[in-house]
Each structure stands twice: as structure tokens, then as C-alpha cells.
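The annotation substrate binding site is assigned in Swiss-Prot to 677, 678, 679, 680, 681, 724. Per Swiss-Prot, the feature region 'Disordered' maps to 541-561. Positions annotated as site 'Important for catalytic activity' by Swiss-Prot, on the basis of similarity to another entry: 747.
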């Protein structure tokens, strides 16, 4: 009986929110388990399902759309997606009566081990991450002996957990209408265009936001979507009966610190699961006794934002609570410690907090992915706990074909979940609680052997293991206070009752990853040893020229002494040639060079082994940070260590929380004749494929974070900037080239392509034609030609002998970059950041929001007053 019905996409104009866009293209898969009488007319049921599905799509045409990645003109970021009115919604029908019996499922309480994802689900993959469209929604009706398994698959970009529940509610209503004859064939399309703008209800409203305000979230680089993977044979559903749930609430209430402290039913369930899983992981040898444990929980912000119902889109805020394992292990207070942490974080969620996070995600949308930071800890110290407990799916009436009209169970398929994912299912009609745990087998075994856990889950109503799941007791490591293990007391105490109040609803979200940081060592500044006098030629570079380009330096002849003349012909600017001798104070402040270290000796100096990092005072307020690449033996090639150390420097700026910190960043070379030679191929040749992929992930993450900095960034390029070295410069807002600079993306000559942003950042700067020329030929572009095509914003050249020219060009490029940073930093700190934000989006809405953010600043008032008084304003970033 296998067949498929397609409902063509009705016309719609839907503007999804940014909060919808950033979710990975994974589908929520809910398996609704119905019983059917043996005499059921399946053909009649199929007709009614088809009619109901058709009318559900007409009411919400978005369900028949397609999810597509952002196009190149929208920024082409892999973490952003749109929903377009193309394609259709599918209802697939299968008859599996010879393979599955409802009675067998009921005996195991609908165990996930009997529910084959590939067989039952219309979109079985964990996620659809390729650059192609994927359906928003598919339903699959699976007839089994004595029942029907209806699978609802809706992509997360279209609806969050409550949104999916609302869709199911609409379908239940339409199915009842079809059975009563209120709706029937022929099926008519929707006559009008469905229009909605979710951004009016869910947005940051121009709030810039700060990621530091949100413990569960990060924008640290990582290919989080790639870490979502299948986990099989480690998924199990448990039940807490009504009596056991009452006992559990009493156990938690006994830990209350007074009448002003109360816990919800959800707090009791969540704390119990959190504590039990972490102790089981400890017994399984996965988690050390001194570990900090974490749980992330999604909170539905519809009530906080006062959003009218139904609203289908994503309005989820994720909290992150932490408690040391040693505290969880305390039998008398562990449950209370967990619940107390959960309650505090849930109470801390407000409309303002949600908008702050969304505002940050909107502001940084094209440069970095705002995501959850718990993914990497999911198999060790963290879990994500999603509660559907108050979503009344069991109360929905799907019509008389199912007897009483109600589902007998709701299940989620095991495939597509990962260790650390916990789902609390909707409250069962008898008042009991079911929850699904996905863990490593060793953890599941330890859970089953935990007397305290079994006390609440192993009564007559609880779910027993199927025959293939029955396991022998696991040999447990000694539980002592030594070597990271902790002592766990499993003797239950005597408990008294206290009334428990209810909890806010909680919704599911998608899972992302995190990275760690290492602080570089700080050392004292190095004394100056020698000064040099430099003759300079400076060129302000205007718009890209349409004139013929200069002769090309091919990679085979890329020597540091082969450069084009400094003079540049452009259509809109003239070359200004200035040759001067710097004054003693200028040399002391900017160009005094240590022969050994090649430092600009101002401010504190940090020297990780591959970098030289220091600061100088910025005009008005704050400092200018200067980072010099310093691997002379490897021509500043990007090693694993250099990428890590540079990431730490960039994150240090991201973590600053005040305007008086870093005002601008200058990146230069401490090595004559080269800016950066690209990836360290000597190091690369000894890497495995996994190590190479990990390095590329780190490099791409570094470049995304550099490009996402809210302050001006300037690359000072002297000598060769090849491959990843040029891509590093492309991440900066501005580029200063010395006359000996040679830029190239030669990867095609190595049978690869640029892989760290070159293919999309370069055309945004020099245009598609020039980018194609550079990438397809792999040729080296000299400084003068680079200036003509707009690759650099300043072109400078040094006079002097051939022996000193490479050194002089490097120093001059750095000096010019610092002067440019000082010139920018003389303006208002808030205004500079707002301008960068507006330019990053290049749209009216963001510009308007950015302008609003500067209207009420003290700096604006100070600037207006200074203008009236004909003096220079003092702008401090307030």
C-alpha cells in the first residue's frame, strides 16, 4: 500500500526571524502511536489523512516550503538559512502490518528499539547540511497490525517544540473534520497569499547585545553542525509513576531552605535526571570526581515577550546550570543543589535577556554563528534536557477512527540523538512522567544498577528492558575519595511532604559546540637597542582602477626584492610622494626597533612563542593592540601553535566588556620580506586526515572571529602574503601594503582551493573578475596592481639601499597601520563600532538601528558642545 501524496506549496510571503535562520537544518521527528480496530477500512483512513494534511498545509503554507542556504549575495554563510515558497509537503503512506504489531509495541511500552527510524520516518537523516534545499515538512502514516504510527517531521528552522505541537493540534482538528464529513474531496488550494513577518515579534530591536551575558551561548569558532551525529543502541525510555513522582517531589521538598523557596514538578524531574546521569557516568569511569557538571535547558519565551498564540517560530532561550559532581553526590542535599541551580537560572530569563542575545546574534550574523556551547561536553560533563511535560499531546482528539481519539504514546526515534540528550515526554494521562535518555551503554548499565534511580523508575508501571537489552551487572570501579573518584551514599532518607508549585513550559532547541582558551604568558618590555631613519613614500589609494594592470610577479619568481614601482595610477586619486626623516620622538614612539625582537616598544608586551603582542595608548581612550607574526625560520607560516595563540589574542578582545579597552587591532609581521607564507606545509605533511580537518576548523574559526571583531582591524602587509596569509589579511577591515608586498592565493597549483575564506572574502573586496583571475591562475599580484584593484587601502614605499629596503618596508607598513589606527581611534568609540556594524549588514534596517544606538550617548552631546565651542571633543565611549 505504499504511496505518496504531495500538497503543492500555496503562495506565501514569510519573513522568518534571525532566531529561525541560525538553527541547523534538522527535523523534529515525533512518532504518534495510535491503536486501530482490526476492522478498520485503511483506504478510508488514508483519504481522511490526506484531506486533513491538505487543509493543515493550506492553513500554514510554510509547511510546503523549502529550506535553502543563504545565497552568495546574502552573504552565503553556512549557518544561515531561508524558507522559500517552492516545493511541496509530502504525506507518505506505508503498510507495515506484516512487520510490526501494536500489541508487541504496547508490551514494551513502545520501546525505541522496536522503532526503526529508516523504516518509519520520511526524513530519516540527522540533518541536511549540504548546499541544497530540503522540505520543511513531511508526514508518514505507517499502518501496523492493530495500529497506526504517524510520524510528524518538521524542520527546526520553521518551528520550535511548541510550534510543532501547534501544528499537530491543527492536524488533529482537521482530521476530526475529515471524519465528520465537514471537509472532503475535491481539495481546493488556498485562494490568497499567506503573509507574516516574524521579525516584528522576535528580534533584538537594535540592541547590540553581548554574548558574555549568556552562559549557555557562544560564538566561538567550531563546525558545530558537523558534530551532530547518529547514536544507535544507547537510547532508553524510563517512566516515573504517579506515586514515584509524588515521592520524588517530597524528597526534593525536604531540602527546601524555607517557605520562600519552592520547586516546580519540572525542577524535581530535571534535578533527578541530571544527578542520576552524572553519577552513572562517574561509576562508568567517564566523569572524574572533581568535575563540574552542567545541564542546559530551553525556556519558551513567548510569555516573556507577550507573543499572541499560536506562534510557530523559534522563541527559545537556553539556560545553563552548573553544580560540582561532589555536591550532586551528597545524598541529603544533592537533589536540592541541582534543583536550586535550575530554578535560579529559569527565573533569570526575561524578555530583555532574550532580546540581548538575539540582538547579538543579529549584529554578528554574517561573521560568526551564535550557538550553544555545551556540545563538546555532552558525552562527559554536560547534558541538554528538554521538557515536553506540559505539552498536552495526550489530550488532543484525532477523531473516532482511533477509538477514544487519543494517542497511546508519543515517542522520538533513537537515531538522530546523541549521548547527553534527554527528553521529558508529555505527561501521561494517568499523571506519570516518561523521559528518554540517550547515553553510552556503560552509563545506561550504571543507571539501571543505581538503587536510588531504580527506586523511582522500577515499579510495576515502569518500562522494562526488551530481551535484547537485558545486561549483566557492570563491574564498577572502586568508589573512593582517591584519584578523582567520590564516595556516593545510596541510602534513602526519611522524607516529609511539602506542596510543590508548577513550572514554566520548556521547549527543545538545537545543539552546538564550544572551544577552550589558553592565556599567553606576559613578559616585560624589551629595551630599545637601535633606531633607524626612513625615507617614505605614501600613497592614498582610491577606488579600484579600470586601467591596465602592472606586470605580474609569478610565484616561481616571488623573491622579496622583486617589487613593482610604488607609483600607482588611479582614476580618482593622485599619488602623493613625500620623503621625510622622522623626528627622534616619532622614531621613539613608533619606529624604534630592537634588532633582536623587532618590536614597537610601547605599552606592555606579551610574547607567545609565535607572536609579539603589545599595546600603545589610543587617542581619547583605550589602547591600540599590535600583533606581529614571529616565525622567521618558517616565514611566518601558520602552524597549529600560531593559530591557537592568535585565537587567544582575538578572544581576549572579544571578551572585553567596556569601550575603554582595545580601540583598534593592527596585525603585522616581525619578519623581513614576508607577511605570512600561508599554512605550514612541513607540519601539514605529518598530519593525519583527522588532524588536518581539525586544523582547518580551527583556522576557519580564527578567521571568522577576527572578521567579527567590533573594532577596526588593520593588516600591515610587507613582503609575501600567500594563501592563508592573504586570507588572514582579508579578514581585516583595512589593509596597508608596502611596496614590496606580493599577494597570492596559489592553492589551485597545489590541486586544492582556498579554504579559509578566500573564495568569498576576496570577491567582496576586489570584485568577482579580479578574484577569478587571482584564484584560477594562482599568480602573485604585486603591490601596485593590488592597489589598483582595491585590495589595499594604503600603499607605502621606503627609500634606501637594497639591503635595508625589506626591513624599512616592514617598519613603514607597520608605522602607517598604527597611524591609521590612531586616526580612526580619535573618533567616538561607540560611533566607530556602530559604523562597523552597519557596514557589515549594508541594509537600511541595521543602519537605522545603529544610528539609534548613538543618538543618546554622552559622546554625541560632548561632540556637539565641542563643535559649538570650536574645540576638539573628548570622546570616552559613553
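Heads up, the Cβ atoms here are built off N, Cα and C, so glycines get one too.
The local packing around residue 678 (substrate binding site), expressed as other Cβ atoms within 10 Å of its Cβ over all shown chains, amounts to 25. Close to the recorded substrate site, the chain also has 637, 638, 676, 684, 722, 723, 725: residues not among 677, 678, 679, 680, 681, 724 whose Cβ is within 8 Å of the site's Cβ mean position. For the recorded site, residue 679 (substrate binding site), the DSSP three-state label reads strand. Considering only the binding-site residues 679, 681, the Cβ with the fewest other Cβ atoms within 10 Å is that of 681. In sequence order, 723, 753, 754, 755, 758, 775, 778 are the residues of the chain that are 6 or more apart from residue 747 (site 'Important for catalytic activity') and have a CB within less than 8 Å of its CB. For residue 680 (substrate binding site), the number of other Cβ atoms no farther than 10 Å from its own Cβ, over all displayed protein chains, is 22. Residue environment of residue 677 (substrate binding site) contains 23 other Cβ atoms, counted within 10 Å of its Cβ in all protein chains. Secondary structure from DSSP puts residue 724 (substrate binding site) in a helix. In this view, residue 724 (substrate binding site) is surrounded by 26 other Cβ atoms within 10 Å of its Cβ, with every protein chain counted. The binding residues for substrate are recorded as 677, 678, 679, 680, 681, 724; their greatest pairwise CA distance is 11 Å.
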